[in-house]
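Feature annotations, courtesy of Swiss-Prot:
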| type | residues | note |
| --- | --- | --- |
| BINDING | 47-55, 197-204, 223-227, 292-295, Ala366 | GTP binding site |
| BINDING | Ser54, Thr204 | Mg(2+) binding site |
| COMPBIAS | 8-23 | compositional bias 'Basic and acidic residues' |
| LIPID | Gly2 | N-palmitoyl glycine |
Amino acid sequence: MGCLGNSKTEDQRNEEKAQREANKKIEKQLQKDKQVYRATHRLLLLGAGESGKSTIVKQMRILHVNGFNGEGGEEDPQAARSNSDGEKATKVQDIKNNLKEAIETIVAAMSNLVPPVELANPENQFRVDYILSVMNVPNFDFPPEFYEHAKALWEDEGVRACYERSNEYQLIDCAQYFLDKIDVVKQADYVPSDQDLLRCRVLTSGIFETKFQVDKVNFHMFDVGGQRDERRKWIQCFNDVTAIIFVVASSSYNMVIREDNQTNRLQEALNLFKSIWNNRWLRTISVILFLNKQDLLAEKVLAGKSKIEDYFPEFARYTTPEDATPEPGEDPRVTRAKYFIRDEFLRISTASGDGRHYCYPHFTCAVDTENIRRVFNDCRDIIQRMHLRQYELL
């Protein structure tokens, strides 16, 4: 009996030793995970719908992951290539859908605008009828006649005139880009370029995380849908955020949001920025402000058809600040416009600032890879300081 008791105690002793070793391993792994977690910079991309948030994420993949070779930059080249091929095939369909939506939206708007727009060539009416007839066809297979009709309509001066009034209806930003490329997109062996993939518009629904590394520093970037019904999901991402990148479509000063076809898009962005800046959960989180779509803003300002003061009367009294630094060769009208928009946001951050968080504005063009590379490099020091402050190391 005594021997049996000692044997049992030995078993217990071995079991306890094994348990202690297992606990040590778990504790070591937890400490390692904690170190990795604390060393990771978590960036939350916020902004109103169609401001360019998802395009910023795509640029991070081009610059810091592995381009569009799979979601996570796989180490296995074959797996990466397989993912890349599958993703690009999906994107071809998305690009074709963008092209179809663009021509449908423009020709459908022609009769609805006040005053309406007529075709320059009335013989193209049968082409309009065709485009409208396939508008709601599910799983559309893009036959050759679709491209033929779309191209002929895009070359019609009446359709172009309707496109010029696109601020009066809801049209995706990439409409002209893909309509100009009909002959390329229609090819059976068409493979999208990085620029095509950057321009492609797909509505973001839910929360998407992109992980990348820059100079051995880990970044997690969270892209959240910007439409009003998506914003209730944002609160899920607020915990342990290093910084917020707030993206604004600067060119949207003469447009209205899709959700109600009434609210000015830039005013919506200003209201949203104010609510985030004053949010009690975010009072210590600084905001990097991406004043995006500078290329489209410049086009609108120089075209002179939609004046900012018609939508924001205070612009008439605005003068370009002395510390403004225009881009080389930039028209003074463009400089004045972009700094006015910048200062509208800075008025919000300075009016309610308590010194616990700051706003860092940058002028961006999300489809320009070099611009985003330069801006993100400029932001890295800011993000690093925020991260050190977050863990009270600064």
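Each Cβ is built from the backbone N, Cα and C atoms, and glycine gets one as well.
Across the fold, the C-alpha of Thr204 (GTP binding site) and the C-alpha of Ser54 (Mg(2+) binding site) stand 7 Å from each other. Secondary structure by DSSP for the compositional bias 'Basic and acidic residues' (8-23): 16 helix, 0 strand, 0 coil. When the Cα atoms are compared, Gly47 (GTP binding site) and Ser54 (Mg(2+) binding site) turn out to be 11 Å apart.
Distance from the CA of Cys200 (GTP binding site) to the CA of Ser54 (Mg(2+) binding site) is 10 Å. Each of the binding-site residues Ser51, Ser54, Thr204, Gln294 was scored by how many other Cβ atoms lie within 10 Å of its Cβ, and the smallest score goes to Thr204.
Counting only same-chain residues at least 6 apart in sequence, those with a Cβ under 8 Å from the Cβ of Thr55 (GTP binding site) are Leu198, Ala366, Val367. Less than 8 angstroms from the CB of Cys200 (GTP binding site) sit Lys91, Asp94, Ile95, Asn98, Cys174, Pro192, each of them six or more residues away in the same chain.
Around Gly47 (GTP binding site), taking its Cβ as the centre, 26 other Cβ atoms fall within 10 Å, counting all chains.
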